[in-house]
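Student: For reference, TrEMBL lists these features for the protein:
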BINDING   ASN97, HIS102, GLU107  oxalate binding site
BINDING   HIS100, HIS102, GLU107, HIS146  Mn(2+) binding site
DOMAIN    53-199  domain 'Cupin type-1'
SIGNAL    1-26  signal peptide
Amino acid sequence: MASRTSTLKFFSLLISSFAIVQMATAGDPDIITDFIAPPNGTVDGNFFTYTGFRVLVGGVPPPTAFKVLKATLAEFPALDGLSVSYAVLEFPSGTTNPPHTHPRSAELLFLIDGTLEVGFIDTKNNLFTQTLQAGDLFVFPKGLVHFQYKADAQNPALAVSAFGSANAGTVSLPNTLFTTDIDDNVLAISFKTDVATIQKLKAGLAPKP
């Protein structure tokens, strides 16, 4: 696989092009000022700069588990009101980004390196899947359940996703269903199984001590 530095050389072009696409399909409320200043009123170039992705080009070895680096409203306050955010997705071989939704935005994923299995399910329960190659784009419509899976057992994958919201939100189905306080009986009846199975699933997703 090419070096992480070389595979990330596309970032400046991607960020510029994705910004144009996402501004055209933005879903956040319009603001009536150029931008939303921080509460203390101090605005300079630092306010509009996010450095959280520098670790990707600093020679740090790839992760051993699926990892997401985000530039959303929470990490980058300058995005407030600008209807755009990003995420870098790192997939070691054999890992997955489990089924989830983004309730406030579509997702436009660009695969920088490797191959990646992706898919989403529409409201009629139709499944749409694709095997992406480096250089491919795939769009996940707003609010629909979707996933990514790195099936290649030998090589990792690297992708960047753009969102038309500064806070697209993420609802993970496994976590939402099995790490909250939904009654075991409700889940057992819904999944047509028994309470013991539900409890095993919850135990498997419980935080490790």
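Cβ from N, Cα, C; glycine included.
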Student: Beyond the listed site residues ASN97, HIS102, GLU107, identify every same-chain residue whose Cβ lies within 8 Å of the center of their Cβ atoms for the oxalate site.
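Tutor: In sequence order, the nearby non-listed residues are ALA87, HIS100, THR101, LEU109, PHE140, HIS146, GLN148, SER161, PHE163, ALA168, THR170.
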Student: Taking the binding-site residues one at a time (HIS100, HIS102), which has its Cβ surrounded by the most other Cβ atoms within 10 Å?
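Tutor: It comes out as HIS102.
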Student: Given the recorded Mn(2+) site (HIS100, HIS102, GLU107, HIS146), which additional residues of the same chain have their Cβ within 8 Å of the Cβ centre, ordered by sequence?
Tutor: THR101, PHE120, PHE140, LEU144, VAL145, ALA168, THR170
Student: When the pLDDT values for the domain 'Cupin type-1' (53-199) are averaged, what is the result?
Tutor: 95
Student: Please report how many Å separate the Cα atom of HIS102 (oxalate binding site) from that of HIS146 (Mn(2+) binding site), as a whole number.
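Tutor: Rounded to a whole number, the Cα-Cα distance is 9 Å.
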Student: Would you count the other C-beta atoms found within 10 angstroms of the C-beta of ASN97 (oxalate binding site) for me?
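Tutor: The answer is 23 other Cβ atoms.
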Student: Between GLU107 (oxalate binding site) and HIS146 (Mn(2+) binding site), how many Å separate their Cα atoms?
Tutor: 10
Student: Distance check, please: Cα of HIS146 (Mn(2+) binding site) against Cα of ASN97 (oxalate binding site), rounded to an integer number of angstrom.
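Tutor: HIS146 (Mn(2+) binding site) to ASN97 (oxalate binding site), Cα-Cα distance: 9 Å.
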Student: Taking the Cβ of GLU107 (oxalate binding site) as the centre, how many other Cβ atoms fall within a 10 Å radius?
Tutor: 22
